[in-house]
Amino acid sequence: MMSFFNPLFILGVLAGVSGVVSLCLQRKHLLNILLLLELLMLSLFLLLVCLSNGVGGEGLMVFVLLVFGACEASIGLSMMVILIRAYGNDYVSSLVINKC
């Protein structure tokens, strides 16, 4: 049985909530958004570690989450480099779809 008073579980929940709130409040720069998405991935990682320890699983999903997090980080960084080369800044408002 998993205890919800585990410090890692509480830290994961607090990090997830603060990441979602910050993501809703700070949407101006692409770098801020990417960092907050990484915070959400780390909070999910902590929650999965706590869940796999409480249930007695082997923790294979934790490694899958780490792989997806690394892929998300590399794709986000390459998008940011392309955006900065094209427009000279990392404002999300520069990403206008209908600029034909």
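Backbone N, Cα and C atoms are what each Cβ position is placed from, and that goes for glycine too.
The transmembrane segment annotation in TrEMBL covers 6-25 (among others).
Residues or ranges marked as transmembrane segment in TrEMBL: 32-54 (among others).
For 60-84 (among others), the entry in TrEMBL reads transmembrane segment. Here the transmembrane segment (60-84) has Cβ contacts under 8 Å with residues 30-31, 34, 37-38, 41-42, 44-45, 48-49, 52, 90, 94-95 of the same chain, all six or more residues outside its ends.
Beyond its flanks by at least six residues, the transmembrane segment (32-54) meets 1-3, 6, 8-9, 11-13, 15-16, 18-20, 22-23, 26, 61-62, 65-66, 68-69, 72-73, 76-77, 80, 92 of its own chain at Cβ-Cβ distances under 8 Å.
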